């Protein structure tokens, strides 16, 4: 099974007197959906960037399947809050572009692009240009393009942060469906407490000054969704409210620890 490991990671930025992150360890297996939460400045995105190969840690090691992570690679796909799509292309052409980079033959690109768009529930939007799509639809295209690389791990940096509440909830189901269908491990950053509880197999709570792990949770709600339980029913469960309170307390307690 694929395995991504951040081991005792410390990150220093030039001009900063203190480390941004100090001795943080996180592991993500191929069937994990790991979510990083915590207030701004605790190093969530910095750690994601180490996993992506965009930041080199001052100390510690980052590996994927035992190999050092030194640069971006096709075994990882990154989706940010602000999409990096080509607005002059259609949704299908954006996904097909990623397939072209993989060397997929022209005759197969459109078919495969349509399959990926259908997977993110955009099967009828292939001919629409990106500027015609809503924020939620654009994020779906971004996810489809990321999956075109057939990565072992999806790295998601607040991909739902700019969406309205209803679209955000719909996208949560999309992310869970993709996680189940793609068999890719996920490492995600979010500020949303409910979002973390719904999506994660494991939640890592970080605190600032410098960034460090203060607690981990294994809420189990994503497994319930995978077994067929609707998200609305999960959120209505008193156990979900209890978990939300515990996670909120852990974040606040981490700020004062």
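Easy rule for this one: first residue shown is 1, then count along the chain.
Including glycine, each Cβ sits where the backbone N, Cα and C put it.
Residues or ranges marked as ATP binding site by Swiss-Prot: 38, 39, 40, 41, 42, 43, 44, 45. Secondary structure at residue 43 (ATP binding site), taken from DSSP and collapsed to helix, strand or coil, is coil.
If you look up Swiss-Prot, you'll see 6-233 marked as domain 'ABC transporter', on the strength of sequence analysis.
Summary: among the binding-site residues (39, 42, 44, 45), the fewest other C-beta atoms within 10 A of the C-beta are counted at 39. Neighbour counts of Cβ atoms within 10 Å were compared across the binding-site residues 38, 41, 43; the minimum falls on 41.
As a whole-number mean, the pLDDT of the domain 'ABC transporter' (6-233) in this prediction is 91. Around the Cβ of residue 40 (ATP binding site), the number of neighbouring Cβ atoms within 10 Å comes to 8.
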